[in-house]
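Okay, so here's the structure we're looking at.
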Amino acid sequence: MESNEWVLVEQLTWLQGNDFENMYSIRRLTSVTAILCLLMLLYLLSGLDNFEKQYVRSRAKTDLRRGLKVPAHKKSIPIMPSNVLEPRLLSDRVKSLVHKIRVDQQSGGARVKLIHVNMTRERILRTYEQELMASETMEQAKPPWELAGGWIEPTRHIIPPAEPQLGQVLKDLSSTKIIRADVADRGTQLKLKLTFEDGQEVFFKPQFYSRDHVIHGEPYAGADRHNGEIAAFHIGRLLGFNRCPLVAGRKVNIEELRNISTQVLERTFYREGDEWCFFGKCRYCKRSSGVCGTSGIIEGAVVLLLPKKYVLQNHRSPWQRTYRKGTYAR
């Protein structure tokens, strides 16, 4: 009787051991299956990403073969500053620019590169057009400068990739009343510091040349072009950089500007014929390089300053140079 009980105990012990091994095997099989499923999912996601990139490359090559043509009457119309809220014209001009870049790359033996990885050109332009058109009449819950200050993420961007109220802020840059004008003496180029009626300060870079004027000589010859600031801002947006300060074109009555000038700025005003001119204060500013109005109006670019809470660090430009042949920057 005792031997039978002992055999029964051994059988029960053996069954319990087998159950434990079976449970361990099932758990291990489940873990392996889960890992395999995860690896398969990652593989599929990688395949989808590669497919999207191949599709974008294919679209770029197709556009290059077809060629992009802009009507002659649209090529002759400047984008900035008066028609900043005409995105259809901007779309045509940017398409022409993108095509030219690709053709230049191909003719130089370089591979056709994507200008923007995540979005096709059409999607960039469509998004940009929609936000400008929608924001022109949009009511703002905050003052425009407070609104723009809230867009800033110091390590990422000054403007979000898609911001429906951008057009309204640019419009306010072009139309808000100016109550004070002063010199902005930092830097090598002529610019003014303007104060709006709500206290916001901006830089004003006046127009030196007509849009079709050609400057000959060294790469650094001549003054900055005001519309270069505007074009850089919009092209940077279209290419997804979003790090350029907000800028818009504006026309100002130069005599009204003189009437609200500080004493330092007013002393730089002078007359040439019937027009008022000024040369401001900067490293290379002098009377012989001043700017004058046309029929009493001067055109320029208005650049919105960052909120004062942001303290910028000085970084030396890797392209720094001197203005003397054979002399390198130290």
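Numbers here mean position along the shown chain, with the first residue as 1.
Cβ from N, Cα, C; glycine included.
Given the structure is predicted, the values throughout are model-derived calculations rather than measurements.
Database features (TrEMBL):
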BINDING   Gln189, Lys205  ATP binding site
BINDING   Asp224  Mn(2+) binding site
DOMAIN    270-327  domain 'FAM20 C-terminal'
TRANSMEM  29-51  transmembrane segment
Task: Secondary structure content, the domain 'FAM20 C-terminal' (270-327) (per DSSP, counts of residues) - done: 3 helix, 18 strand, 37 coil
Open item on the list: Return the count of C-beta atoms lying within 10 angstroms of the C-beta of Lys205 (ATP binding site), excluding that atom itself.
Closed with: 23
Task: Mean predicted confidence [pLDDT] for the domain 'FAM20 C-terminal' (270-327) - done: 87
Task: Reduced DSSP assignment, Lys205 (ATP binding site) - done: strand
Task: Three-class DSSP secondary structure - Gln189 (ATP binding site) - done: coil
